[in-house]
């Protein structure tokens, strides 16, 4: 009997699993809100230098004040970071309209920075972190730095919570992550300074990793293999719907502090009901807590209406069902084993490129909605909605065409659409937006594909290390993405070139990955090497000894 058979005995798709998966998936709806919150709390309102203080004694309209205070840029719009040293009163001639002569004369006037601060046009929003802390002109790079710090928290959280969950359990770390997200989000909403805001956003990023890792583990470890694909897809769609929910919340809450608080408060509720969750029985057995594992299984059986079947479970039955899992856990494998052998090394390098470029380009597009010149609430809805058909198309493609061509195609098409967007004139906003939406959809499809593809490529014995490594590469890409946008201040077309080139190069690298459609999951590193060389697989001596020793230990404990 395997553990899957034991799960079937207590009910693998009963009322417990339905309620369990539902309650775990609800917080995923709000995870997208924190990931993409920067689009709204850090939106840059139209701004220009504040007028000279001595102008307040004159009865001038806002238009007249702007005319004599701020020069025009080459596009004929008020400059954002400079003003005249002295008011240009002569520009008020001809009933407030200046001729070319006056404009040329004013163009020779001395200019200075915004020494008295800035004036903001807050038509669309009542406040943002940009207007509150004046993150414009010389400080404009701090906007992107804030998102990079948040993504740094996601990266650190992956290391910290990944290790702690294997040591202390999924449930307790999920509880802590919910509380950390709630508290950090609340503190960020009331931050008196930008530095404290970044600190608490770093905490939100860490919490996001803890939520994602432990939610996924608790879901898959309490459901049978046959429904994992369906459940995984439905959970993924929760994140997609979460993008739409963010747009709706942000539309009605235009103040950044209240918006941040609104997407953080639900995590207090999630923290409270998370106490109901059962710890993974698989983890409990691997942590030598078999009695608690049996107690949890009997509780699940009772909840599913199978009390009698649950009472039959004992220590010997549980240990026998976990022999294979224990053999994997006893092996001395590390991240270094991802690079030791030729096929594993090639596979890891190619997958690293795929994950890094997918995340890099995805957040490069999704985190700068204002550049499309379209209402940011509308574009957020469109960007979120495109994930729905994109994930359907890639799922069908993976099932009939294969994983490798689907992965390559999604990345290359995404890169091409970003490249084409560079050639479209800036005033063609509809065309630019359509191309960006198509590219974002392809990148969302690539994410959907690489999660499944990577899990099928890495062997059971080291799959957790492999998925942790590529997940880390994705977070590195997400951290770098906001900083690349800063290059656009000097070379406008350079960010698009980088965002488009990265997925094309990684799409070509994915060609070197083996196809896994219809293939059995590899259990050992030797299985992967044999698949790469075309030989039949068999266990390596090292892994065979581990399995034999584990079986002997279990038999001794049972006796």
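Cβ coordinates are placed from backbone N, Cα and C, and glycine is handled just like the others.
If you look up TrEMBL, you'll see 94-518 marked as domain 'Major facilitator superfamily (MFS) profile'. Positions annotated as transmembrane segment by TrEMBL: 148-165, 172-194, 200-223, 230-253, 259-278, 346-365, 377-401, 408-424, 430-454, 466-487, 493-513.
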Result, the transmembrane segment (346-365) in contact with the transmembrane segment (493-513) (3+ CB pairs under 8 Å): yes
Close approaches to the transmembrane segment (230-253) from elsewhere in its chain (Cβ under 8 angstroms; 6 or more beyond its ends): 21, 24-26, 28-33, 36-37, 39-40, 215-216, 219-220, 223, 259, 262-263, 377, 380-381, 383-385, 387-388, 391, 395, 444, 448, 451-452
Two-stretch contact, the transmembrane segment (148-165) and the transmembrane segment (259-278), at least three Cβ pairs under 8 Å: no
